[in-house]
Amino acid sequence: MNLLLILTFVAAAVAAPFDDDDKIVGGYICEENSVPYQVSLNSGYHFCGGSLISEQWVVSAGHCYKSRIQVRLGEHNIEVLEGNEQFINAAKIIRHPKYNSRTLDNDILLIKLSSPAVINSRVSAISLPTAPPAAGTESLISGWGNTLSSGADYPDELQCLDAPVLSQAECEASYPGKITNNMFCVGFLEGGKDSCQGDSGGPVVSNGELQGIVSWGYGCAQKNRPGVYTKVYNYVDWIKDTIAANS
């Protein structure tokens, strides 16, 4: 299928046919501050999600790259100042050197915060994975992306979705020739529930570990078109090495 039909997930839903936006369809409003590692990437507006992995580092999708980013932590309703937020500018934004904008392979970047986040009950880091994602494992996906599979409705409050990791065979069958070893699928082959525009870069967490980053898909919540996610396990060494080199 022509790559121009891919709806990838960067949140500025300008009318580009190759649009990197991503959303939660068929989910529910997260309990307030129940996803303390979730961040909003802001450049005057929310455009992507991300995950806090240490006091001073955030991981997101490579396609979410912008030269200037403010990281917003402790958010629930992104349109209201609720008193728990921390707004910290990015000091460094480091995209994976082998990121491919055409195939979205190596769709990962790191953000160093200009000052460490204050860790508390509303803002805390998520652990990196110690094993690759296993088929059938329940996962939590979260974000402020579009909640409609057709049309647009961007929520103010953080949305959550519980969904299973699919087998690599199911993933590859859904997108023949498009799935690399650095990608995996999460969701429901029958459709109806998925991430979508605006969720890009956000977390997929299983058993308390960050297994995935919202990356791409064909449409949102479509039958036999599950969401595709960056396999964080493959990048643990790169993450650790990059942090060490930029401390």
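Just so it is clear, glycine is given a Cβ too, placed from its N, Cα and C backbone atoms.
Given the structure is predicted, the values throughout are model-derived calculations rather than measurements.
Taken from Swiss-Prot, the feature active site, charge relay system applies to HIS63 (among others), supported by similarity to another entry. According to DSSP, HIS63 (active site, charge relay system) sits within a helical segment. Of all the Cβ atoms in the protein chains shown, 27 others lie within 10 Å of the Cβ of HIS63 (active site, charge relay system).
What Swiss-Prot records for ASP107 (among others) is active site, charge relay system. With a 10 A radius on its CB, ASP107 (active site, charge relay system) counts 32 other CB atoms from all the protein chains. According to DSSP, ASP107 (active site, charge relay system) is assigned to coil rather than to any helix or strand.
Among the features that Swiss-Prot reports, active site, charge relay system is placed at SER200 (among others), with the record citing similarity to another entry.
Applying an 8 A CB threshold to same-chain residues 6+ apart, the list for GLU75 (Ca(2+) binding site) reads GLN38, VAL39, SER40, GLU82, GLU85, LEU158. The Ca(2+) binding site annotation in Swiss-Prot covers GLU75, ASN77, VAL80, GLU85.
Its Cβ placed at the centre, CYS30 (disulfide bond) has 19 other Cβ atoms within 10 Å. Sequence annotations record features per position, and here Swiss-Prot assigns disulfide bond to CYS30-CYS160 (among others) based on sequence analysis.
Annotated disulfide bond per Swiss-Prot: CYS48-CYS64 (among others), in sequence order.
Annotation comment: Swiss-Prot describes CYS171-CYS185 (among others) as disulfide bond. Cβ neighbour count for CYS185 (disulfide bond): 27 (other Cβ atoms within 10 Å of its Cβ, all protein chains included).
All protein chains included, CYS220 (disulfide bond) registers 29 other Cβ atoms within 10 Å of its own Cβ. The disulfide bond annotation in Swiss-Prot covers CYS196-CYS220 (among others).
Annotation note: TYR154 (sulfotyrosine) sits in a coil segment as assigned by DSSP. For TYR154 (sulfotyrosine), other Cβ atoms within 10 Å of its Cβ number 20. Residues or ranges marked as sulfotyrosine in Swiss-Prot (evidence: a curator's inference): TYR154.
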Which site among CYS48, CYS171, CYS196 has the most other CB atoms no more than 10 Å from its CB, taking these as disulfide-bonded residues?
CYS48
For the recorded Ca(2+) site formed by GLU75, ASN77, VAL80, GLU85, which further same-chain residues have Cβ atoms within 8 Å of the site's Cβ center?
ARG72, GLY74, HIS76, ILE78, GLU79, LEU81, GLU82, ASN84
For ASP107 (active site, charge relay system), identify the closest of the disulfide-bonded residues CYS30, CYS160, CYS185, judging by Cα separation.
CYS185
Hey, of the recorded positions listed (ASN77, SER200), which one tops the CB count within 10 A?
SER200
Tell me, how many other CB atoms lie within 10 A of the CB of VAL80 (Ca(2+) binding site), whichever protein chain they belong to?
11
